[in-house]
């Protein structure tokens, strides 16, 4: 849809031969200042009022009255049903509701009766207003919002006089010391809140409870895992054994959760990954390096790990490198080995901070 | 009051010289009733309340959107107060022993247990909880749609810029309030949300890890976040919301409501119905309607089945981990942002892949929204008061900008549902994500352009309608054997809707130098302003003037024939710029619409 | 699976004879050895019937001797449990090659036919057998304990209420609603398609039964608060409030603002 030149200029474009030069283009040209006619249309004022059925016909008005009363009656009925249902329907009763299936009967009946109690009033009142209350529109004049010039200058004068009477300008010492005091008084309040909100992080974000020799145990049963239990294609959700003695289980779990997988050793493409694992069994932090959701979705055929929150995808065959999504860093690997009894144990703590990035992580 | 007037004859004598006006006040109030009189004796409220009761509000469905927001907020306040009676804002661990069997014996926080109790063991608790949550979702939907209405009709123009700013802040705070409430039950879904929020905080440069430790009082999750969010959700934010909202409403009353243009409706009046009785019934009734509909939804449709998610534990997670819809755009931005935005430099980590979506997006978005009225005022140079609304088509550039904004918002919001789209539409989640990444850049300009063109076309259609009237569908054959369709001119009332508006013109660039040849200090900003003004108003369609209509009537259909020369001649008009169907005297027959 | 297939490919013709022979001993052994996961005894007739069915229905993709092809993996070693799961849920035979086989309501084969094919596939190489009913009956399990296990091991893909979820590149974790205990158990045991294996050393048979119990209790509890909106969480709730919540509100507002007739 291309623009036509005349549209911008508002020029009258004379027609070509046959129709005289006084003819104008009407589809686009904006005709201005044609003598005798007003520049713009004038407001025709209110259109004639059209009466409603209820204004003209008493029978229609009566009908409306009955409808409104019926709606209010429905509301009363709804409220009564609510009261009865509240006492009569046991909390655990369930009923088949078409379109929903088995639902909690108490919830459905209480909600529906409450809705009728409310809608009856609402619809009734609006219907009343629409059919029986006056429907001649009323005009209210607007007045400029700004105060009169006198009022404005009066205000300015009051403020200026007040300032002068307080000798604000004459006594700069007071002015500046007051400014300083007002500027500073909020600090103690802010300091108290901010300073006492929580402890300093120190190395809390960089350390997990994994240490050398810690057995890998199943989440949530806390039972140790033998290397032979982990068949190819398996995935185990793992915690350190010391979680049993933790006093802050959730906080420790939030950092120490680990995913244990077994791949064909030859599928692993990175030597370090193979070295840090045990016969194709590898352990990676389950905490996403994006914003910290647990990355648990392991596809055993493609060896991809997917985070359900923002779809960062990690390739387990490539040391959990990010192959899709918003995360940047690979998931940290936990170096594991087996102890004398054949159980999987951590061979070292995590070498880097797990979870989302932070400024001083480096 | 009335009794005093009856029996205190001695006192009356003493007051004989009092000013005259006191007596009628007493007499008038006797009719209103004792209580009102009693109150007025002590407050003098009759005058003010009487004035308010006569205030006029214009009638239009789109003016009710703000009321939906107001009423859902009230519903949330009421039901929220109820919920506080049973909800225990504590992260202390307990073993569940309530009536929901699949969780019996499971260790969970007190917050989660009390939410389960509200849902299963407290009579009517579930309906209140569902009403609270549905009303909260409706609250933010209504705020958004109300905001769109205000934007597209230009209701933010002087003198209402201030109220627009208040509204934008209300809208932003409502998001935070909603998120705080969503996080309280401490179920697996909301806990995962808090987990992500902790990740967001860490992404802030320099102070990120401190921020996280301060907010959570130590390592995540800690036991403090639930009680802290509770205080924010039930006390701090509601107080601010109610305060801002009161100011918002008072300003509406002081400035009087805007109205849509129409015959008899001018910039200097308000045409509608007075509060007493019509609006008292309509708006009052509407509160019950909103409440009733929310109750009905809560009776029939589950919301946030926290029992299905289980208690929060940092190790598990559920597929389909999403925040409530209003946080979707931020979550979607996080899904779309590429990982390469994170890098280390000077030994420090810059996580822009997280920070842009999680920390910067909301303030930037609301900042732009807040500033828009001031930008438009600067571009148009229009300092007049506007109480008549624009029809969205009459300001194509603004409408286009608004739609482009909505388009980018929608792209982000849909991105937050990419996993649900993938399973429901049988698509690859990777394809969806990549497509949305592309759309984020492509959709807004395309939507802007299409919207603007549609607006201009609609304006041309308006012009066409005014000039040529309605098509009647009657085909007339002239003596010469030509056919044309008869058109019926518009009545002046209908016509007024289409011709009443003023069209802004691009500002002329003021000379960059003053009379002495010295470059004006603001020459650059003036150039920018002129440029923006051209961007806004270069493409425009002027409303029909009486002269144009007169010309059309006077010359009848012959005038329009100038657009087509004699058969065989080249048409004068480019096809694209003249809406098809303007030429009733061509032999082409068109069915009436 | 493809890696598996490549490694375990057998020279077809001779292997068959050997395997048929092995089968007889295997069947006898299976009958005698009381393995908890063994459902029924296997006869040579059954294997023969299974082989016929297999060659008629499955060999196009999996090869005449189940040795696999580019369209389907080798089935040596997948066990009767895999066959029972894949065919019993209608996933196999697939109508066309796709990223993933969807569950189908209509199962093509009868119980006996599935058992016969299972016996045939089990005869190729040892693999997990169809689980004992003792451990697939959810009514004997503890749903609360199963719920905890489910949330840790399964919910990240299948959603906390078993509604299913998306995986990469068009793959997905299916919904677990109204799936029989046997098939839930078999899926954990065999790790079909993208799903990892949860062998009995990872999640014990008793724990698997608890998970079945949890899922079956979820099936019953599903609509406590009303319509469940697909149990997809905030996305479907948001869609609902925009479409229906706002729609109804605007409907009422239009009615309210209209002049009465």
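Cβ atoms here come from the backbone N, Cα and C positions, even for glycine.
Those TrEMBL annotations? Automatic predictions, nothing curated.
Note on TrEMBL: of B:43-64, B:109-130, B:131-152, B:197-218, the range annotated with the feature transmembrane segment is B:131-152. With a cut-off of 8 Å between Cβ atoms, the residues of this chain six or more beyond the transmembrane segment (B:164-184) that come close are 80, 87, 89, 111, 115, 132-133, 136, 139-140, 143-144, 146-147, 150, 156, 190-191, 193-194, 197, 225-226, 229-230, 232-233, 237-238, 240-241, 244-245, 247-248, 251, 304, 323-324, 326-327, 362, 366, 369-370, 372-373. Confidence over the domain 'Cytochrome b/b6 N-terminal region profile' (B:35-261), given as mean pLDDT on the 0 to 100 scale, stands at 94. Long-range contacts of the transmembrane segment (B:131-152) within the same chain, counting only residues at least 6 positions beyond its ends with a Cβ under 8 Å from a Cβ of the stretch, are 62-63, 65-66, 68-69, 72-73, 75-76, 79-80, 83, 164, 167-168, 170-171, 174-175, 178, 181, 290, 294-295, 297-298, 301, 303-304, 324-326, 369, 372, 390, 392, 398-399, 402, 406. Counting Cβ pairs under 8 Å to the transmembrane segment (B:396-415), the top-ranked stretch among B:230-254, B:350-375, B:435-451 is B:435-451.
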